[in-house]
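Written below as structure tokens is the structure these notes are about.
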Amino acid sequence: MAAPCLEDPSLERHFKGHRDAVTCVDFSLNTKQLASGSMDSCLMIWHMKPQSRAYRFAGHKDAVTSVNFSPSGHLLASGSRDKTVRIWIPNVKGESTVFRAHTATVRSVHFCSDGQSFVTASDDKTVKVWSTHRQKFLFSLSQHINWVRCARFSPDGRLIVSASDDKTVKLWDKTTRECVHSYCEHGGFVTYVDFHPSGTCIAAAGMDNTVKVWDVRTHRLLQHYQLHSAAVNALSFHPSGNYLLTASSDSTLKILDLMEGRLLYTLHGHQGPATAVAFSRTGEYFASGGSDEQVMVWKSNFDVADYGEVIKVHRPPATLATSSGNLPEVDYPVPAGRGRSQESVQSQPQEPISMPQTLTSTLEHIVGQLDVLTQTVSILEQRLTLTEDKLKQCLENQQLIMQRTTP
């Protein structure tokens, strides 16, 4: 079968509203909303529909470092330098619940694929797992010896991967809470890490200007790229698993073809460091953020296949026995152009198993409603507590007045 013709990515929109560097971006499930966080302490919810007004959420008392939509898209989590995590309902009211357990900056927040829990990473050197609906801290993972920059769940929720300033990437078993393996190949702080959509590989970005890809079953270093001329700040896998998007302090975004192990595109758009990137859930779009305070939305174009069903696929378990999602071994140590590599390696992806669309839609709706109800109850409880406190204060004041007026 002939390979599809590649088209260059195109800049579709750019959003201005932040008053300081953009630190993070994430798309909602249906790509109708795009969230961004900034050093200005605010979250912005941008609407992909033209002429729609953005929402600005104020609540954090310091820089927002991470944002992540829940799988249903009905909740939005944020982490901050104010040591807290907030869960927001992404509508015009912008109501939120606060989670406190970290003792330093929260660098990263990420929902599990079932939406029932989320994981955070912090400068207090810990990774913490929380219950979304019970709104409580569950447990800590504490083997890093320096700040933890990023933590992510595997697609099946069984594993957690974390990246740290101790120059390691650690793989954790969520059930046993034990460190399965430490990857020590980075020569500097590790800034970002994420799972391949198959769950069989991880990619990490570093201050040493490199991107590395490991197999989580064999723990072998599969691919090594040194294409940026400055620190790599963030990365994002295309839902197909064939491409990897990176953002760097050299002000560029780069798109890597993982199947052929080559650089596909270098994109110039930001003035100054590019700090954040994220593909939409279908891969049709990707977003970037930078120290220039701008959020940019790009049309992918280079992958013409329809990945709209990706979000409705049962993910293969990310265990050592999994045999799908193999990537070719690549060592790409020097910057290069867009030329085709000499050797092309064909992928053999596992056949996806799709759920019936009506069942998927119903389940998504139920989960979404549960998310909203949980948050609404929490907000009402907070308001009730405040009302009770005010009533107690009024009664105490009344008693004091009566005591003073009694002869």
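Going from the start of the chain as shown, residues are counted 1 onward.
Heads up, the Cβ atoms here are built off N, Cα and C, so glycines get one too.
Unlike curated records, TrEMBL annotations are generated automatically.
Record features, source TrEMBL:
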{"type": "REPEAT", "residues": "15-56", "note": "repeat 'WD'"}
{"type": "REPEAT", "residues": "57-88", "note": "repeat 'WD'"}
{"type": "REPEAT", "residues": "99-140", "note": "repeat 'WD'"}
{"type": "REPEAT", "residues": "141-182", "note": "repeat 'WD'"}
{"type": "REPEAT", "residues": "183-224", "note": "repeat 'WD'"}
{"type": "REPEAT", "residues": "225-266", "note": "repeat 'WD'"}
{"type": "REPEAT", "residues": "267-299", "note": "repeat 'WD'"}
{"type": "REGION", "residues": "333-354", "note": "region 'Disordered'"}
{"type": "COMPBIAS", "residues": "342-354", "note": "compositional bias 'Low complexity'"}
Margin query: If we skip the immediate neighbours and take only residues 6+ beyond the ends of the repeat 'WD' (267-299), which ones have a Cβ under 8 Å from one of its Cβ atoms?
Written below: 9-16, 18-31, 34, 36, 38, 44, 46, 48, 230, 233-240, 245-255, 307-308, 310-311
Note to self: Counting only residues 6 or more past its boundaries, what in the same chain has a CB within less than 8 Å of a CB in the repeat 'WD' (141-182)?
What the structure shows: 104-105, 107-108, 110-114, 117, 119-123, 125-129, 188-195, 197-199, 202, 204, 214, 216, 219, 315-319
Next item on the list: Give residue numbers and ranges for long-range contacts of the repeat 'WD' (57-88): same chain, 6 or more residues beyond its ends, CB-CB under 8 A.
Entry: 20, 23-30, 33, 35-45, 94-100, 102-111, 113-115, 118, 120, 122, 130, 132, 135, 364, 367-369, 371-372, 375
Notebook entry, point to check: Taking all residues of the repeat 'WD' (15-56) together, what is their mean pLDDT?
Noted result: 95
Margin query: Let's see if you can do this one: DSSP helix, strand and coil counts over the repeat 'WD' (267-299), in that order.
Written below: 0 helix, 20 strand, 13 coil
Notebook entry, point to check: Per DSSP, what is the residue tally for the repeat 'WD' (225-266) in helix, strand and coil?
Noted result: 0 helix, 24 strand, 18 coil
